[in-house]
Amino acid sequence: MPMLPWLTEPIMFHGDRDRGECMMTEEQCAWKWRWWTDWYSADLVFSLPTVAFFMVAIGVFIIAYVLSAILPASWKRSRGWRRLLSGTRFLSYTNFHVRGWSTPSIGICLLGAVGLVYFLAMTLGPQPYYWPNTKELSYGNSPPIATRSGYMALACMPFLYVLGTKANFITLVTGISHEKLNVFHNWVAWAMFVLALVHTFPFIVYHEWKGDIVENWEADGMWVTGVIALIAQAWLTFMSIRSIRERYYEFFKSTHIFFAVVFFIFFFLHCDYILTTWDYFVATGVLYALSWLYSLSRTLFQYGLRHRASLSLDAEQNLSITIETDAEWKPGQHVFLRFLTCGVHALTAHPFTICSSPERTSADDKRKMIFHVKPRGGLTSRLAKLAEKQPNTSVTVLLDGPYGGLPVRWGEGFDRTLVIGGGAGAGTTLPLIESHLQKTLEGKKDAQFTAIVASRDPAFHSWFVRALEDLATRYSISEAVTGLTVLIHQTNDTAIAVDASSVSNTEDAEKKVHSDAMPEDGTASSVADLFGVHLEKGRPDLPALARAPLQEKGVTVGLVVCGPSSMVRDVSVVASEAQRGILNGSVAATEVWFHKESFS
């Protein structure tokens with residue numbers, strides 16, 4: 001029976017650990033077979049500790065997730081718990097900004113630094129890097145540094161693939177949504193790529209010294225498969241650099257899975273069942289397949305092929321997508337949509353944040369999943385052109401999700417809530433406004449909720465007011481919603497400044513920013529009265545508005561922002577400062593919680 005190309009015959013699942021007879025002196029053999037240099041146990045010495053490192057890191061987040069769920073409410077209200085919470089939130093909210101570029105949070109950077117120390121120590125710590133071979137004496141043909149870096153790279157692979165999936169076990173056990181795990185997916189990819197390079201070049205150096213590099217290239221597939229896998233890995237890694245990915249997003253998305261499959265196959269062939277290397281491919285395949293099958297089964301069996309998306313242009317720069325469905329979701333969640341009538345774009349699914357609540361207007365009605373999208377290019381541009389050419393047209397769409405959403409803490413509510421949306425992110429404030437509306441109708445009228453939305457689009461405020469009008473109609477609102485204020489900012493180069501020192505609470509901040517130029521028709525005026533809508537010219541002073549409720553004694557404050565990175569940065573700085581203020585007593589609020597969604 002013909003064997004697979006580039007695999008050593010006979011094919012087995014595990015390689016042999018038999019060292020054979022050592023032809024050197026007893027001392028030389030003992031030195032060669034030490035813990036850090038024994039080739040026949042390298043998978044146990046370097047791969048398994050790497051797996052353990054990742055599992056311990058995941059375990060820390062599991063413990064935090066479980067504690068937040070099971071601790072009694074009385075404990076959570078204690079001063080000690082809230083100070084501990086503020087300390088961890090300070091690490092989570094604080095980052096650094098350098099010339100328009102923001103680092104991940106301090107907490108994430110610290111975790112990355114621990115990983116860096118681990119990999120550097122395991123790679124560069126053990127000696128020697130190369131065997132002290134001579135023309136007459138050979139300890140082996142695999143340089144020790146190449147061996148250990150290769151096994152550590154291999155151990156990264158299951159976590160790399162899992163972190164890149166939407167429905168994965170890490171999200172299940174930690175409560176961290178897949179999009180928040182992307183930073184770790186990216187970092188693990190870079191760690192694995194650097195380890196692969198450290199694995200590769202010592203072989204080139206050694207065989208160049210030995211003079212048999214061409215002979216080894218032509219002798220078997222070990223070198224060929226390794227080079228192909230490395231090229232695919234380099235493509236995946238460099239194309240994932242943020243600036244490159246965002247500029248060529250459609251191309252990146254359509255080629256990413258292809259190169260990931262190429263890498264997986266040729267890496268599998270390259271490992272050639274050495275020791276336990278194939279165990280890691282089985283683990284990767286099983287974990288990835290479970291995630292993929294779960295998402296696929298939901299798409300096909302829970303949602304099916306029956307959904308159609310209605311497209312309309314609410315404004316020149318705003319595309320509305322409406323899908324009637326029985327699906328359920330929570331505020332802040334997103335789904336992946338695959339439009340089957342958009343040519344090559346049907347090959348990929350794109351994430352869209354849901355801008356509506358899952359509430360039904362009546363028991364017989366379907367829920368309306370609404371998305372407000374700013375057309376940019378690729379798929380969204382094509383959908384906008386289709387909506388312009390055929391108003392209110394509908395196309396077949398497949399649903400995958402929902403995913404993400406606001407953490408559990410959001411559902412518990414706050415005394416003061418500030419929700420901010422900018423540009424295409426403004427639509428995400430609508431389901432959060434609706435959430436407050438529902439709580440108010442249920443009798444919870446002591447909380448204050450302020451929504452701030454901003455856009456450069458001249459027609460922006462019109463469609464936003466219409467969206468609020470739809471809310472008023474669906475909930476049959478006839479009087480002003482208690483505690484709700486909506487500030488709609490038509491941005492330009494002149495900001496409306498709000499002096500933080502003169503603003504003692506949210507109500508004062510709202511008085512500072514006065515109403516201006518709402519549409520003259522009765523509907524708009526009615527909506528303005530019902531929802532406390534104010535139309536403003538210029539950019540909002542977000543730091544001042546975010547700081548306003550922090551000096552109200554004993555209140556809990558929730559901050560949510562979805563918008564461009566500059567908008568997210570302004571609010572995150574306030575949230576970070578607030579944690580320090582709670583710890584040192586300079587902030588009167590007892591808790592400040594922050595959630596962000598950013599885009600370019």
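Every residue gets a Cβ built from N, Cα and C, even glycine.
The domain 'FAD-binding FR-type' annotation in TrEMBL covers 298-409.
Per TrEMBL, the feature transmembrane segment maps to 51-75 (among others).
The transmembrane segment annotation in TrEMBL covers 96-121 (among others).
Annotation comment: TrEMBL describes 151-175 (among others) as transmembrane segment.
Positions annotated as transmembrane segment by TrEMBL: 187-209 (among others). Here the transmembrane segment (187-209) has Cβ contacts under 8 Å with residues 112, 115, 119, 123, 129-130, 133, 141-143, 145-147, 149-150, 152-153, 156-157, 159-160, 163, 216, 226, 229-230, 233-234, 236-237, 240 of the same chain, all six or more residues outside its ends.
Residues of the same chain lying 6 or more positions beyond the ends of the transmembrane segment (221-244) and with a Cβ under 8 Å from any Cβ of it are 5-7, 186, 189-190, 192-193, 196-197, 200, 252, 255-256, 259-260, 262-263, 266-267, 269-270, 272. Marked as transmembrane segment by TrEMBL: 221-244 (among others).
Long-range contacts of the transmembrane segment (256-275) within the same chain: residues 4-8, 11-15, 17, 40, 42-43, 154, 157, 161, 164, 221-222, 225-226, 228-229, 232-233, 235-236, 239-240, 281, 284, each at least 6 residues beyond the stretch ends and with a Cβ under 8 Å from a Cβ of the stretch. Marked as transmembrane segment by TrEMBL: 256-275 (among others).
For 281-301 (among others), the entry in TrEMBL reads transmembrane segment.
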Q. DSSP says what for the domain 'FAD-binding FR-type' (298-409): how many helix, strand, coil residues?
A. 25 helix, 45 strand, 42 coil
Q.
Taking only the residues in the domain 'FAD-binding FR-type' (298-409), give me the average pLDDT of this model.
A. 82
